[in-house]
Amino acid sequence: MSDTNAQSVAFVRNSEIPASPPPLGETGPVKWMRENLFSGWVNSVMTVIAFLLIARFIMGVFPWFWNGVWDASSIKDCRNIMADAGTAGSACFAVLVDRWDHLLFGFKYPATEYWRPTLAFVLLVVCAMPALFAMYLPRKLLIATALYPFVAYWLIWGGSLWVPVVILGLLAVTAAIYLFIEGLSVSLRQAVAGIVGALSGIGLGYLLYLGAQELWFISGNVSAGEGIVSTVAGFVFMIAAIFTYAFFIPMGIFVGYAIYNSYEDGGLVTIVTTLFSLYALMVYGLGPISAAINSVVPIELEAVASRDMGGYMLCMILGTVCVSLSIPLGVVLALGRQSNMPLIKGVCVVFIEFIRGVPLITLLFVANVMLAYFFPPESSIDLILRVIIMITAFSAAYIAEVIRGGLAALPKGQYEAADSLGLNYTQATRLIILPQALKISIPGIVNVAVGLFKDTTLVSVISMFDIVGMIRGPIQQSTDWISIYWEVYLFAAAVFFVVCYSISQYSQWLERQLQTGHR
Amino acid sequence: MKKTVFLGALTLSGLAAVAASAGTLDDVKARGILNCGVTTGVPGFAAPNASGEWEGFDVDVCRAVAAGVLGDPTAVEFVPTTGKTRFTALASGEIDMLARNTTWTFSRDVDLKFEFIGVNYYDGQGFMVPKELGVSSALELDGATVCIQTGTTTELNLADYFRSNNISYEPVPIETGAEAVQQYNAGACDVYTTDASALAAQRANFPDPSAHVVLPEIVSKEPLGPLVRHGDNEWGDIVRWTLNALISAEELGVTSVNAAGLAADGSNNPEINRLLGTESNLGEQLGLDADWAKRAIEAVGNYGESFARNIGESTPIGLARGLNASYLDGGLIYSPPFR
């Protein structure tokens, strides 16, 4: 210690000065604005220009919005009201009031039954909770989720309650058959495999024979046309027909024998038998049983045909069903594509690459127009079902690739560790591989799901009246609301934004919840 | 063209499947309901109203056929079709008839194997311009930007007309009528062209209709009419003579109001009696009962009544009869005699 201090310092503070507030320019909103908006002359100019643009936009849009007319019977009426009020050129939201039901439910859904889809929607929110928030709710509540599709089907389509109940019962019977076959002794199962193998061999052979005849018929028709295209097309169909004719018997024998031969392991024969009995029960059992119960205890809602569905309800139906079906299908396809078995791998690769290589709109046209040629006029598959199949196949192919990305991202050590623990393929996939792969894939899956939900509006081009179809057809082309534009499209954008933004928020929340490994 | 041949061949195979079933009339009677193809919406011609019921000028043809064949004008299942799906829907048997302002052309009649049963509206392509442009003829439109719906015959007509008159233009392709009106009113194009009936309907609903003029040139023939499949002539006859019954009723002064009275009391005009089924057996020859035409007229009114109710001058569509007046008033609407 030197002694300089003692002589040069006259005063030593022995108490701390109370902290004084920071200068005005260095705190609060002023500081924030200086740092973020006016940090240099370039940024200051940009800020001013941006504010001017925003103000101009708001000043233009706000009166249009605020002076909007909510009560009028037609667009002319609307214009008269606005002219009287001196606010000409404002929005005419009266169209939303006038056609509210049509925008939500389509114009053919019976007005007295609107409570049914509304209730189905409320139940959807309630019943989806156990699946979406599985970590916070008891697992038993998942039963409600599993039962929901049957309840919703009954509510929306109506008809007899016993149809969905009997379907549920038949599914339970099928599960029992599955367990029964699986539990059989090997010799008994050999007998079952013989019968099932023979039946499915003959059935497949017969189907291929019919297909060959059909191909031959088409080739004759097509090559009857003029020009190189029809000649080539006819030739292709003819080759396909000859090929099928040549192979229908060998294919039948081969498949039948393959099923029989699997009796020791039991996998194939169990699955084929279960599918067989499910098909037989649904085709021959469902109608008579439900009709019989219904004649004793009639519980019925007014039936609504599929082509009467419309509006936002149709988008919700297609979106919910297709998303929930395409995720499991996508997982199966992704696993199949990674499989070592050439047949399964080949089928999955061809399916994914074909579906991804084709625009959704062509698939929808095929579903709507072309399928009508291959069915008799009265017995075609339900239109909504056709569309659901096409959209599901489409998004499943995309989800499969997203999940394959997740599978590929897992370190090889994870697979090897699972093997070294002695887990078989199913256990390893279920316990080790999929939980990690799916977690990685969440953003991608949600991306596909949101895209798919918005793609449901494409059905308007095949003359189904979803919300966009309602707007473009019956509303814009009605005598009352001819050529109304901004109001209706803004409404459609708003309802889609609500759902898509919720999905996105949920997925971000889910990612945070599952971030166990990288904290 | 190549595609048409291929689709035509597919249509054929579809037809073969249909021909195997019974005649369309028997099918419709067994079903108890008429499947009628309409548009997804054209103002005044076909659109569902606020309570969800289809109404319009084309819809009335469907209802008249249903009233004649099934005795109930509401026994119709309206199948909405787009310009792209309408012909396959008819060819595949999904609908029994198509009443969807479809232009009668050679290739649709012959190559696509359909049967146009008549014309219920004579249309033609016109041009609309803002009045401030000061144009009074389409020939003055050199260098104009033109809003036009893609994939329609109007696109081809426009190219033909401007080329034959040696005028240049710049097309602005548009998907739907509502979009075209937005673009036109926003000034994205100088001219909007489509069928004259649609032009009139859309102009009548502009904020200021008087600021726009429809030019006098009509550059194409667009005879719009209902159609059925080739090969079932009995069914084609029923639809054809139902439309003719509505037209004849106007010529003879039979309306939805006085039809029942004329049928009950008889009239001095034998053709009215034949039309309403009190004389001769015209209904029986069609495979229907004697009252078929009376029911059709009572359901939708005669041609003039249907026109006035849906698209006439008192409606927001506000179309004048013009070419579509009865031949008695100098128009083209004319029915062969009921004899």
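Using N, Cα and C of the backbone, Cβ positions are placed for all residues, glycine too.
According to TrEMBL, the protein has these features:
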TRANSMEM  A:41-66  transmembrane segment
TRANSMEM  A:114-134  transmembrane segment
TRANSMEM  A:141-156  transmembrane segment
TRANSMEM  A:162-181  transmembrane segment
TRANSMEM  A:193-212  transmembrane segment
TRANSMEM  A:232-260  transmembrane segment
TRANSMEM  A:267-291  transmembrane segment
TRANSMEM  A:311-335  transmembrane segment
DOMAIN    A:312-507  domain 'ABC transmembrane type-1'
TRANSMEM  A:347-371  transmembrane segment
TRANSMEM  A:383-403  transmembrane segment
TRANSMEM  A:484-504  transmembrane segment
- Is the transmembrane segment (A:141-156) close to the transmembrane segment (A:114-134), in the sense of at least 3 CB pairs under 8 angstroms with a sequence gap of 6 or more? yes
- Determine which recorded stretch among A:193-212, A:267-291, A:347-371, A:383-403, A:484-504 has the most C-beta pairs below 8 angstroms with the transmembrane segment (A:311-335). A:383-403
- Run the contact check on the transmembrane segment (A:193-212) against the transmembrane segment (A:162-181): 3 or more C-beta pairs under 8 Å, excluding pairs closer than 6 in sequence. no
- Item | Cβ-Cβ under 8 Å with the transmembrane segment (A:232-260): same-chain residues at least 6 beyond its ends | 193-194, 196-198, 200-206, 208-209, 211-213, 215-216, 218-220, 222-225, 268-269, 272
- Task: Sort out the residues at least 6 away from either end of the transmembrane segment (A:41-66), same chain, that have Cβ-Cβ distances under 8 Å to it, and list them.
- Result: 87, 89-91
